[in-house]
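Here's the structure, in structure tokens; my notes come after.
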Amino acid sequence: MRFPSSIFVSVSLFTAETTAALYLSSTYRSAGDQIWQGLTLLFTLVPSVLVQLTLTFIHRDLSRDRPLILLLHILQLGPIVRCLEAFCIYGSVGRVEEPYVSITRKKQMPRRGQAEEVERQVGQAEGKLFTHRAAFARTSVIQAFLGSAPQLTLQLYICVLQQGVSIGRGTLMVISLLSIVYGALRCNILAIKIKYDDYEVDVRPMAYVCIFLWRSFEIATRVVVLVLFSSVLQLWILPVVLLNFLVFFLYPWILFWQSHSPFPENIEKTLTRVGTTIVLCMLTFLYAGINMFCWSAVQVKLSDPDLINKSQNWYRMAVYYMLRFVENASLLLLWYIYKTDIYKFICAPLLVLQLLVAYAIAIFFMLVFYQFCHPCRRLFSSSMTQGLWDCSSLLCLMCSSGSPQNRPMMKEAPTPSAPKEPATQRKCGAMKRPETRVKNQVRCTPTLVKSILSSKGVGLQLLYQCS
């Protein structure tokens, strides 16, 4: 049984970020910055409450008689208690004989076109530990994109306005960035395990390194772009954020409406239709929060029984990154035009170039991961490069078809054809050269041919005119 290291990392980041945020809010209070204090506490307490609700929902504590656990969740101490419980389960493995075990069947990665099934016994303790891992993987994503990402954006914005970085603010920013990257990494691993649930998935260290670098460059670039734009155009940042959020929030619901599928009722048996709707809205809310800062590896599909799109859609990914690159470039261009004296000590063109290159590096590590380091790349119906090449070819075809040179031209009116000439006239006309035109042309008639043959001087001149 593997050591529950992912649970320890999740709880450590959650505790460290909460502690740093509470300390920083106290410094804002002593400095009289009530607005910054309120926003810092807001981006700390709201995701913490969502994490407690998620852990309670996954472990189904409401249907079980565990009042002490519920009280600790109300006191926002649920993750710490769950972590201690997971370590107790891990320590008790092997000491007590399992009363019963379950048998699971998993396919191995296909080798030489064949995939073998392997049976494995799973004890009760290992099943509980698996539930703890799955719960903390989901809470890490919630904490990252509904708490750490807004927190990092807020603190970086305050640093730009105050033109300085304090120790407490810098510590919170570093922890928030690590929490976001870790949450994105867990989102990628979670997507792989959900899509390929029938297979034994083994993620290698090189895959973790590629995901970490990919997400680090992508998220850091996105946060910096949003902060730079909001520092010069404060009112325009709200329409940009709301438009992004609404598009990704409504997109799964639009696809669900177009599919004409029945309303999903198999999420939880104890939930009513209203409760199921609230859960689905929270899921799409989280999906929109993820796509605000980076590409969501877990694609929501409300018409699927598992609520996850298990197909690998390269076109959607390519369109997302192209549009996001254009959006980042546009926001940087507007920042460069309207920048104030705050940035007089910064080389603005070099900063714009560095941010665009950083985003391109993130896309590069993404391509490396899907092409060489993905644990299930043998199961892809088409390769990453082939999918992106087809998408780029489609875009080029659309652009070329819309260009003025390739638009259908109006057909010219057909010129009236000349009446057919007699055979003798065609014989004489065959002697004409198409390059030369004579102003006073003489029609060759049978009478004129006879006169040409009878006379010499005038006949030669007329023959020359006919030719």
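Using the three backbone atoms N, Cα and C, a Cβ is placed for every residue, glycine included.
Curation plays no part in TrEMBL annotations; they are all automatic predictions.
Keep in mind that what you see is a predicted model, and the values were worked out from it rather than measured.
Proximity of distant same-chain residues to the transmembrane segment (36-58), defined by a Cβ-Cβ separation under 8 Å and at least 6 residues beyond the stretch ends, is recorded for 14, 17-18, 21-22, 24-25, 28-29, 70, 73-74, 76, 78-79, 82, 131, 134-135, 138-139, 142-143, 146-148, 150-151, 154-155, 158, 268, 282. Feature annotation from TrEMBL assigns transmembrane segment to 36-58 (among others).
Marked as transmembrane segment by TrEMBL: 166-185 (among others).
TrEMBL lists 235-256 (among others) with the feature transmembrane segment. Residues of the same chain lying 6 or more positions beyond the ends of the transmembrane segment (235-256) and with a Cβ under 8 Å from any Cβ of it are 226, 229, 284-285, 287-289, 291-292, 300-303, 331, 334.
The transmembrane segment feature in TrEMBL is assigned to 277-298 (among others).
The annotation transmembrane segment is assigned in TrEMBL to 318-338 (among others).
Under the heading transmembrane segment, TrEMBL lists 350-372 (among others). Long-range contacts of the transmembrane segment (350-372) within its own chain (CB-CB distance under 8 A, at least 6 residues past either end) are made by residues 207, 210-211, 213-218, 220-222, 224-225, 295, 321, 324-325, 328-329, 332-333, 336, 383-385, 388.
As annotated by TrEMBL, region 'Disordered' applies to 407-430.
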Are there residues at least 6 beyond the ends of the transmembrane segment (166-185) whose Cβ is under 8 Å from a Cβ of it, and what are they? 9-10, 13-14, 16-17, 20-21, 23-24, 27, 140-145, 147-149, 151-152, 155-156, 158-159, 208, 211-212, 215-216, 219-220, 290, 293-294, 297
